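Among the features that TrEMBL reports, compositional bias 'Basic residues' is placed at 380-395. Annotated disulfide bond per TrEMBL: 95-107, 100-114, in sequence order. Sequence annotations record features per position, and here TrEMBL assigns domain 'Chitin-binding type-1' to 85-128. Sequence annotations record features per position, and here TrEMBL assigns domain 'NodB homology' to 162-359. Residues annotated as region 'Disordered' in TrEMBL: 377-397. Annotated signal peptide per TrEMBL: 1-18, in sequence order.
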Ligand SMILES: [Zn+2]
């Protein structure tokens with residue numbers, strides 16, 4: 001191979017590579033209002049409370065930097081609508097009415113601008129500002145019933161020896177149905193700390209979305225439902241009014257689904273600092289504040305090659321105690337694929353192997369089930385809506401008997417049977433997604449709503465969406481460009 005023939009082609013490849021790279025990576029100047037969110041939720045651990053990342057500005061002592069600072073100060077004094085770039089935040093002020101302030105400080109109305117908890121609630125409209133239907137729950141009395149301590153005390157461990165309370169935060173998500181299948185398979189009760197409107201998923205009580213049936217299914221399957229706030233804000237960093245709203249809106253939405261709301265809560269980022277008044281406020285609202293004593297760190301290890309670290313953390317912790325005297329509260333997140341498809345089954349097997357049994361938080365604290373929720377009888381919720389008469393005329397009601405052999409349809413319903421709640425398309429009762437999902441017969445049991453295929457509205461990790469961090473996006477682009485160059489080089493080498 002002669003070098004003088006090869007060099008021009010190498011140059012050509014280099015130019016091609018640079019062109020390709022520029023096309024797929026527009027310069028910052030080419031980016032419109034929206035910037036990729038600085039933090040892909042949930043990036044902050046429940047175990048290591050952190051606030052939203054704040055931009056640390058270093059003022060260089062150059063004439064340019066001083067001039068920029070002066071311009072910023074002048075602009076900050078103006079109404080934000082007069083800013084050509086519609087910036088928002090502590091320096092810039094609020095967004096125009098009806099628009100959201102993204103975590104990177106830009107006004108807009110896209111899902112990325114408005115999704116909570118990234119969206120800045122003090123500088124624009126956010127998903128956090130949505131309100132569930134129905135009367136507010138603020139009027140409902142909240143006596144401290146039972147023996148389990150309420151706020152300001154935080155609860156970090158169980159009291160019944162030999163029990164393990166698996167808890168899952170931030171859902172429901174696209175993975176929650178499969179997690180319920182798995183828990184059914186192992187007959188393992190768990191506790192779900194539910195967030196009402198986080199991560200662009202829409203409201204949990206929006207009946208066009210799949211969340212409400214999943215929450216109903218949790219209840220029917222014997223799991224415990226608890227609150228993880230309305231939009232996953234840091235309760236130590238918001239005002240007392242905002243904190244109350246965070247709890248009451250989630251109460252209203254859960255009430256709309258199951259007719260009651262929980263007495264158990266876990267603060268997002270495990271952040272409910274005494275100084276902020278959060279712990280007292282939770283007590284005043286009638287909540288048990290639940291933390292944990294095993295952190296799986298699953299949010300850090302949501303990758304097939306990393307999830308072993310979470311398994312090791314769990315195994316190591318569980319092995320350190322004796323089930324005759326010890327019990328545990330474990331934190332995980334059903335927002336993560338590896339938690340649902342990998343880690344949870346491992347935990348369930350380890351629990352059994354070491355002689356423990358899985359339970360809900362309420363059970364591991366010996367709190368009677370009636371104490372887990374406060375009933376709101378004022379709002380009928382969607383159950384009664386389903387029963388509203390059809391405009392086409394009254395539907396013929398066929399009296400149904402509970403299935404005795406696992407078959408369903410026509411005169412037999414799965415509701416109340418020992419074979420599962422849902423009637424599949426092939427007329428068999430069960431609780432799995434196969435039974436409750438596509439083809440499920442609504443007249444003969446319970447069915448979940450199919451998840452919409454609207455990308456990151458319900459999946460923080462949809463491929464191709466900007467839910468991924470910018471760094472990962474660049475990595476993919478660089479990888480593609482490098483592969484293209486390598487391919488061209490191989491072609492040239494063969495040709496030479
Ligand atoms: Zn959370």
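Backbone N, Cα and C define each Cβ position, glycine as well.
Helix, strand and coil residue tallies for the domain 'Chitin-binding type-1' (85-128), in that order: 6 helix, 9 strand, 29 coil [DSSP]. Its own atom aside, the Cβ of residue 95 (disulfide bond) has 28 Cβ atoms within 10 angstroms in the protein chains shown.
Per-residue confidence over the domain 'NodB homology' (162-359) averages out at a pLDDT of 97. Residue 95 (disulfide bond) sits 12 Å from residue 114 (disulfide bond), taking the C-alpha atoms as the reference points. Cβ neighbours within 10 Å of residue 114 (disulfide bond), excluding its own Cβ and spanning all shown chains: 22. The two recorded residues residue 100 (disulfide bond) and residue 107 (disulfide bond) have their Cα atoms spaced 5 Å from each other. A distance of 9 Å separates the Cα atom of residue 107 (disulfide bond) from that of residue 114 (disulfide bond). When Cβ atoms from all protein chains are considered, those within 10 Å of residue 100 (disulfide bond) total 28, not counting its own.
The number of other Cβ atoms within 10 Å of the Cβ belonging to residue 107 (disulfide bond), over all protein chains shown, comes to 27.
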